[in-house]
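Worksheet for the structure shown next.
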């Protein structure tokens, strides 16, 4: 069936701020869908509060609303834009839940809008546990024994019947929020109570435990002609009990027999038909009992998911794009496969390689939090690697995580390693180290229930390590021997550790033996047809499928796995660089290892290498492609750390030089530079050892801000107020940070106002692009503070000085591209805190706030253009106030008090735009899911809040200064950091934990109350 012509305007719901369980994969999916629908001639409207996304760039949709994803705001947009349909399947759980709310409040019926992609009934059947179980029963597909309960009384009654352990799954929540596995009756009571509270429909499913079973996922697509295809199977390395987002996963499934696979395939076809997803993709999860082969279906997501993004990258099949086209009426056999150009999308992908995904965690940001993994997702990012075998794929994925693969584990005794065999982020390293020491596969299977096949593969890698020592002197290895070792996935660095040489020495010997990788193409068809899309991976085989062109080319290094401090903002910058360089006539080559992102879409860059961001892997690509330039300044700290080593090996780094990067990042060099330029700095000293740090602290006096060189996201940064606190801090830093970092001790400017300044410089001229005023005072990491552009409270004289000094600094450093500088203003003096000669996490926000593509301009400068040629000669004057607010993941880390400090903890952000600064702040709060009440009771705890109380009372709220029994208020402002903050957070009460945040919140509530229901304006209307 050709596309529907009765639809003209389609509204796409985004997923809001990046959060655990719902990350960059929805920017990737949404961007694909937007492009596909616009190409078909539809008018596309987007609602998404997250500015750090490519999809919210004004060029992508016809109208882009950076507004809160609430039914009230979306209804306003529907009323204004009059869409014919809403596509809710590309914005994760947030979009599905929002679509259901719009249906239930009658908005869809009122404005005559239909849901496409997944209808109301399909969403209900897929998401409502009771309806799903009934549907499965009807088609004879087994589910875990379980019951939906709506109260604690019902739950206690059913638990008696089913026993322990028991699985608790709340309905309609994201990433398993509120759920868990209870091993004791006390755990059961606590998790069930929390699950009922977290479920928007107050219901949880209680299920029999299937801990230790094998877990599989199938990615399925269906069209209105009832053609159903399986995109790929995915197998979890970790057995049931670990959320699939936190498990290592492998595609295609490795341990299924053909008969078992066909059984799962048949069940998947029956499930998607029964649930009624007729136009799009679904992810279906199964558990298989390894003892008897019993199969049960765990759940299905009637939408594009995290696994869909992985499946797309693993196979080259663009699930989100095809899902969007199916939603407007196309059939699979009418859509061409972009990669082969001769086969239709109804051909199931076939792959001749293995893909491994490994999650990335951030427990170090939440000290004291138990790192056990369960049914609630805790990872903040992931990597993917491609190899010809599981061994090669796994070893490449492990080095992509940028963790210390061996280091700490080699020093551990056996008891310490055995203590890590429970499900936790470090389990695979502990298993590998125990196998290295001779532990048997059988005993590790008993301890972990990881499939024996996977354990045997790991054992073979460890056996190969021993054999490397028996292969004779490495200098005498011939090409064939090198190839055999490298095909197992061993890096030069690891081989060096085994034989006692440096990485560079191993590299030289390997190159002398002419042992270099070949590059293969991801083609969806196991090389049966010619591939037209340039999506590649390395291996050590004979035939090279990737011939370099003779065009001038630039390699752009991505940012690797998302993590706190280095998120989707850096991917945004690299994608913009690709576009700018393509416009300038260069062939662009992207290198990245993150499957969630737009940068790793096969049609973003001219060539994509899905490879680890390590010196060895990047340098191999540089030597293969011979580019005229390599850009390292846009992907955050990951590529910056490689800059010097790459330059030393002959890579042509363009843009800001490695020497400049070092001068700004190294604290002693930077301090000397600021003194030379006469820029005020907090009094500070650099210590090289713990003893020297204590000596300098005594000289400077407390409080001090302590931080190591070369960190991102405030890693290991802390305010210390006494010698004891400093000693504890130093012990922790030297244990946690690689090498012996120098420590900067700065006088802490209590109560100072911080500024973030983004600047562009071409070496001859510098222009400040935007100055952001932080809401929270100094001491809160800039990535966790709300900020506003343009500044509201600073006088023009201070701002002019900051602007002039920032531009002077950029020129003195010789920056060619972007630089971010942080300032603290106290008593009318602006003190410089730090400068980063690279893209910062504020780039997407500032680009939208001032309507100038900063990352594109930075790439043009790196390629030799000037600011004059680009057309940026002065600081842009914004036409509105823009506020950036953050999303914090405290709910996922149960034992952590939700207070802000110098170590960054936020995972994502929202943006609010208004002609009034306080209304912009109010919108940003709602966009970050901090739903500030306009009536009810506000509880204020702490000193210095009288003015806040007066403002809230003036707005009609009842203000109390002490909690009324156990009753919680509608808004909690607590600047003392009491445990009540945690309780309120868990009960869904909006919380504010800083005095400055309280002042802004009170003003925002007062202005919003005065304004009544806020209107909506698209980004295009704001900036035109």
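Here the Cβ of each residue, glycine as well, is placed from N, Cα and C on the backbone.
Computed from a predicted structure; not experimentally measured.
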_Per Swiss-Prot, which of 695, 764, 812, 834 sits in the ATP 2 site along with 707, 747, 749, 754, 779, 780, 781, 782, 822?_
834
_Number of Cβ atoms other than its own within 10 Å, given for residue 301 (Mn(2+) 2 binding site)_ = 23
*Where DSSP helix means H, G or I and strand means E or B, what are the helix, strand and coil counts for the domain 'MGS-like' (930-1024)?*
38 helix, 16 strand, 41 coil
*Using all protein chains in view, find how many other C-beta atoms are within 10 Å of the C-beta of residue 299 (Mn(2+) 2 binding site).*
17
